Amino acid sequence: MTATLERRQTASLWERFCSWITSTENRLYIGWFGVLMIPTLLTATSVFIIGFIAAPPVDIDGIREPGFRSLLYGNNIITGAIVPTSNAIGIHFYPIWEAASLDEWLYNGGPYELIVLHFFIGICAYMGREWELSYRLGMRPWIAVAFSAPVAAATAVFIIYPIGQGSFSDGMPLGISGTFNFMLVFQAEHNILMHPFHMMGVAGVFGGSLFSAMHGSLVTSSLIRERTENESANNGYKFGQEYETYNIVAAHGYFGRLIFQYASFNNSRSLHFFLALWPVVCICVTALGVSTMAFNLNGFNFNQSVVDSQGRVINTWADILNRANLGIEVMHERNAHNFPLDLASEVSLPVALNKVEING
């Protein structure tokens, strides 16, 4: 009998690293997309926290009137924000080494670009990581497809809109009150409430919430008891069990009698596909709407569009909305320009009809 001894093959450091990166046995899956995601999101998060606490004033309008938005300059959690990059920079790539000094980089709002660009790369890598993990586990790729909707929305707001407007100063400030300010200014300049793509987004968000609540309540109400009536239905499910944990026939029958028969799904796969499809499609359409409004393809304007037989204007809510838009636009960037473009281009109205004479 002959025994053969072979030298044991030892994996190189790179091979062991690759095996660890792509292993699905880790507590948290890393993956090759994770190699890109982790440093970019850590960078964006770290700079955001530091800037939110201690960033110096930023000259957002490029007119030497810096705005104070960090906590150390008297703001709180509500009013604090990372101020967008200065209008003097426009849409130029503005890393630290492009500025003459660190103080100049901070004064021109360089941290905003750093955070936004790293965040954008990070969430794209997170979406790729979702696909990668699904691929390793033999799952279908629809989780990453669903996450593409918020990625598209963030891309539209933080990347496409500033490019279309010609400056990162038009981007959304990274803070609570800054977000609301961005929404008001967006409405004033683009009339987004009258844009059909925004209406689809509203239907997606509220409709998705309604559908999720309906589905969750129906499932919870039709759980299957395991053995006896004395056992709680809440304890009936065991992780990994092969059989259904709720009775879809009962849920279908209940909802069909509550509304009408064809308002409910009798197929679990089509039901859950619809629950995923509805908000994803609507949010993607809204992102497309923001992307078109970035290049000033705005919402409908029905200002003074309803007249009587004599040509006199019949005021509608569209006229009220238009007046509100003008008012918001006048208040916005009040020191950067005297009047909004659509106000300055209007025919001037007489303020006084008769000259007032003063007899002293």
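Every residue gets a Cβ built from N, Cα and C, even glycine.
The structure displayed is predicted, hence computed values, not measured ones.
Away from its own ends, the transmembrane segment (29-46) comes close to residues 20-23, 114-116, 118-119, 121-123, 125-126, 128-129, 131-133, 136 of its chain (Cβ-Cβ under 8 Å, at least six residues beyond either end). Residues or ranges marked as transmembrane segment in Swiss-Prot: 29-46 (among others).
Here Swiss-Prot flags 118-133 (among others) as transmembrane segment.
According to Swiss-Prot, the feature chlorophyll a ChlzD1 binding site maps to HIS118. The DSSP secondary structure for HIS118 (chlorophyll a ChlzD1 binding site) is helix. Note on HIS118 (chlorophyll a ChlzD1 binding site): other Cβ atoms within 10 Å of its Cβ, all shown chains, come to 20.
Summarising the annotation, Swiss-Prot assigns transmembrane segment to 142-156 (among others) and lists sequence analysis as the type of evidence.
According to Swiss-Prot, the site 'Tyrosine radical intermediate' annotation covers TYR161. Cβ neighbours within 10 Å of TYR161 (site 'Tyrosine radical intermediate'), excluding its own Cβ and spanning all shown chains: 22.
Close to GLU333 ([CaMn4O5] cluster binding site) in the fold, though at least 6 residues off in sequence, lie ASP61, each with a CB less than 8 Å from its CB. Swiss-Prot lists ASP170, GLU189, HIS332, GLU333, ASP342, ALA344 with the feature [CaMn4O5] cluster binding site.
Spatially close to HIS190 (site 'Stabilizes free radical intermediate') yet at least six residues away along the chain are MET293, ASN296, ASN298, GLY299, judged by Cβ distances under 8 angstroms. Residues or ranges marked as site 'Stabilizes free radical intermediate' by Swiss-Prot: HIS190.
Among the features that Swiss-Prot reports, transmembrane segment is placed at 197-218 (among others), with the record citing sequence analysis. If you look at the transmembrane segment (197-218), the same-chain residues 6 or more away from its ends with a CB under 8 A from one of its CBs are 251, 254-255, 271, 274-275, 278-283, 285-286, 288-289, 292, 299.
Annotation source Swiss-Prot lists Fe cation binding site at HIS215, HIS272. Cβ neighbour count for HIS215 (Fe cation binding site) (all protein chains, 10 Å cutoff from its Cβ): 17.
Per Swiss-Prot, the feature quinone binding site maps to HIS215, SER264, PHE265; the stated evidence is sequence analysis. Annotation for SER264 (quinone binding site): spatial neighbours ALA251, HIS252, PHE255, GLY256, criterion Cβ-Cβ under 8 Å with sequence separation of six or more.
The annotation transmembrane segment is assigned in Swiss-Prot to 274-288 (among others) on the grounds of sequence analysis.
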Near the Cβ of GLU189 ([CaMn4O5] cluster binding site), how many other Cβ atoms are there if near means within 10 Å?
20
Please report the distance from the Cα of HIS215 (Fe cation binding site) to the Cα of HIS332 ([CaMn4O5] cluster binding site), rounded to the nearest angstrom.
43
I need the CA-to-CA distance for TYR161 (site 'Tyrosine radical intermediate') versus ASP170 ([CaMn4O5] cluster binding site), whole Å please.
8
Within 10 angstroms of the C-beta of PHE265 (quinone binding site), what count of other C-beta atoms is obtained when all protein chains are considered?
19
Rounded Cα-Cα span from HIS118 (chlorophyll a ChlzD1 binding site) to PHE265 (quinone binding site), Å
42
In angstrom units, rounded to an integer, how far apart are the Cα atoms of HIS118 (chlorophyll a ChlzD1 binding site) and GLU189 ([CaMn4O5] cluster binding site)?
28
